[in-house]
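Residues or ranges marked as active site by TrEMBL: Tyr167. Taken from TrEMBL, the feature active site, proton donor/acceptor applies to Asp206. As annotated by TrEMBL, active site, proton acceptor applies to His305. The annotation Mg(2+) binding site is assigned in TrEMBL to Asn65, Glu93, Asp206, Asn208, Asp304, His305. Under the heading compositional bias 'Basic residues', TrEMBL lists 1-10. Taken from TrEMBL, the feature domain 'Endonuclease/exonuclease/phosphatase' applies to 62-305. According to TrEMBL, the region 'Disordered' annotation covers 1-39. Per TrEMBL, the feature site 'Transition state stabilizer' maps to Asn208.
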Amino acid sequence: MPAKRGRVKKRERDDKVKGATKNVNNDKKDMNNEHEEMQNEQCIIEKKKKKVEKSGREIKIISWNVAGLRALIKKNGHSVLVEENPDIIALQETKCVDVPSELQNGYHTFLNASEKSGHGGVLLLTKEEPIKVTYSFDDKSKCDIDGNGKGRIIIAEYESYYLINAYVPNSGRGLVNLDKRKIWDDYYLTFIKKLDLSKPVVYVGDLNVAHQEIDLANPKTNRNKTAGFTDQERNDFTRLLDAGFVDVFRRLNPDKEGAYTFWSNMHNAREKNVGWRLDYFVVSERIMNKVKKCDILHSIKGSDHCPLSLTIEL
């Protein structure tokens with residue numbers, strides 16, 4: 001009997017040792033999994049950094065809602081684009097079906113024209129030929145929410161970054177298209193985040209939102225009454241920034257008042273500087289340190305919007 005009890009106790013001790021060893025092994029396995037996940041995350045971050053650091057060439061981009069490109073050319077308003085000689089020109093609301101010859105010299109041209117005559121349209125002029133150019137979200141129905149038939153967006157892929165030129169849908173007089181604008185904003189956020197996983201993004205154009213009260217002359221009378229300054233549109237822009245993107249001009253000029261890019265054609269609004277900041281350069285947070293300068297070229301006329309300029313190393 002004593003020998004039997006001894007064998008039982010020995011088995012119990014062995015079982016305890018085995019259990020303890022198993023727990024230690026499980027703990028090690030969990031730690032290894034956590035370490036592996038951290039390494040994978042670090043690997044993704046390092047890959048993103050390498051894609052940013054690879055090129056390092058300084059480029060100048062001009063963005064402008066021209067409110068009719070041929071009308072601008074007739075007034076010789078395009079001369080500033082020739083004089084500035086930027087590497088990339090992103091135009092919105094071009095309202096044309098082909099690219100005027102006055103702007104083709106030295107540039108690769110990509111036009112996304114609206115199927116409705118005299119509406120919308122975006123044009124990209126670029127000295128460096130992109131790797132790939134597309135004219136819609138991957139879900140085309142989300143890009144044509146107002147039935148204009150294209151004319152809203154151009155996505156150009158370069159070696160180290162994406163550039164998006166967009167003319168974001170206006171929510172309309174009386175906010176009749178606010179629900180459709182929500183569809184665009186929700187889908188666009190998913191779309192740009194997906195691109196950003198691959199390469200940093202430079203997002204330019206008429207985004208049709210004044211994000212903060214400082215971004216328009218009369219915030220109190222326009223809040224939730226006028227397209228571009230509803231809580232919905234502003235919150236959706238905040239969501240974009242919270243997802244890892246930067247409003248470049250406002251980051252560089254956090255307290256600058258009266259910095260507008262659009263003025264109504266009525267009541268001498270431009271002369272009085274009663275305007276809105278609706279046009280933006282938005283970049284991935286990780287390339288904000290590559291920005292050299294960002295300016296609103298408010299003295300340049302020819303449209304109800306003025307151009308913006310960005311100099312960045314990419």
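Each position is counted from 1, following the chain as shown.
The backbone N, Cα and C atoms fix where each Cβ goes, glycine too.
TrEMBL: automatically predicted annotations, no manual curation.
A distance of 8 Å separates the Cα atom of the residue listed as 'active site' from that of Asn65 (Mg(2+) binding site). For the Mg(2+) site, the Cβ centre of Asn65, Glu93, Asp206, Asn208, Asp304, His305 serves as reference, and the other residues of the chain with Cβ at most 8 Å from it are Ala67, Gln92, Tyr167, Thr261, Phe262, Leu278, Asp279, Ser303. The residue listed as 'active site, proton donor/acceptor' and Glu93 (Mg(2+) binding site) are 9 Å apart (CA-CA, integer value). Other Cβ atoms within 10 Å of the Cβ of Asp304 (Mg(2+) binding site), summed over all protein chains shown, number 17. Of all the recorded positions given, namely Asn65, Asp206, Asn208, those whose Cα is no farther than the 10 Å limit from the Cα of His305 (active site, proton acceptor) are Asn65, Asp206. In the predicted model, residues of the domain 'Endonuclease/exonuclease/phosphatase' (62-305) average a pLDDT of 94.
For the pair formed by Asp304 (Mg(2+) binding site) and Asp206 (active site, proton donor/acceptor), distance between Cα atoms is given as 12 Å, rounded to the nearest Å.
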